[in-house]
């Protein structure tokens, strides 16, 4: 039975309704140009190969993050070019906290679904879900849910941020649409006003946090000679990468997914050095992209342990860009994030983590801050699983 009015995507759900356009909507789309017919939800698939995984056969978190960003970039760029006007490419500005709910293995197929959930004047919020499929048994499971924010940058002037077209919500009463929604209860869907208000709150929250973290991580990870085991200095690691054409967008700036993959690699090295076991990405706190990285830059991705609980490790990753071919610009902080890893046995069971030994006052301060984030997230998870009265 069709609902009495239009259906709108709830925050966190792909806008599958827009895949089915009624005649009136199709006519409106044709009036605004060919690009306007682009659906506001997409799916991409890829089989996981050995070079996507670690020695234990678990797919790298960075590989999944890169696929998530690719899907987000496609749908947000399509949407931002859906009306006649100046052409643009959507650039990644921020990734909200992302949990790795289940490991993905070599030979499985990753299904990455992306949908636009909110637009402001100059930004697009994209929700991405990742499912893994065992093609031998047909078993599917949800592995990731992520929220990404993009801004449209003009192809003519990379420093010019363009306005984002509003998302047009369409009626979706057909039986096919109900099948697309996988039987979700109509009571879970928000009205247009509620959805806009919730999206605006998320937009303001991420904007404030991005501004607060832009200069918070101004320090640099320095090497230490002959560090003691289980200290911050013992496991801290850096990777230096020259940005080439294959890393970049049409603008000549690095894809956000490329940066996230490198960040995950460094975080994984730090975690493996600390516990000397098989490790996997458990979650990624909000990743903030503070500035663009141009082709030809040398980027330094540095990671250091900040906190350990009994079975998890928090690693801070900083990305600094050095425009070596441009003497007018100095080295700058391009991105920062916190990654959480867990240690696994050969059977895939969680193992206890060696406790971190902070030495300096800065390390002790970062440890307490990490402990606060850990306890906050633990309380949030416990609150989500508690039965409702």
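For all residues, glycine too, the Cβ spot is worked out from N, Cα and C.
TrEMBL lists 54 (among others) with the feature active site. Around residue 54 (active site), a 10 Å sphere centred on its CB holds 15 further CB atoms from the protein chains shown.
There are 26 other Cβ atoms within 10 Å of the Cβ belonging to residue 264 (active site). Per TrEMBL, the feature active site maps to 264 (among others).
Look at TrEMBL and you will find 362-372 tagged as compositional bias 'Basic and acidic residues'. For the compositional bias 'Basic and acidic residues' (362-372), residue counts in helix, strand and coil come to 11 helix, 0 strand, 0 coil, using DSSP.
The domain 'HotDog ACOT-type' annotation in TrEMBL covers 38-156 (among others).
Note on the domain 'HotDog ACOT-type' (233-347): mean pLDDT across this stretch is 93. Residues annotated as domain 'HotDog ACOT-type' in TrEMBL: 233-347 (among others).
TrEMBL lists 348-389 with the feature region 'Disordered'.
For the compositional bias 'Basic and acidic residues' (362-372), the list of distant contacts is 219, 232, 306-307, 314, 316, 338, 356: same-chain residues at least six beyond its ends, Cβ to Cβ under 8 Å. For the pair residue 54 (active site) and residue 264 (active site), the Cα-Cα distance reads 12 Å.
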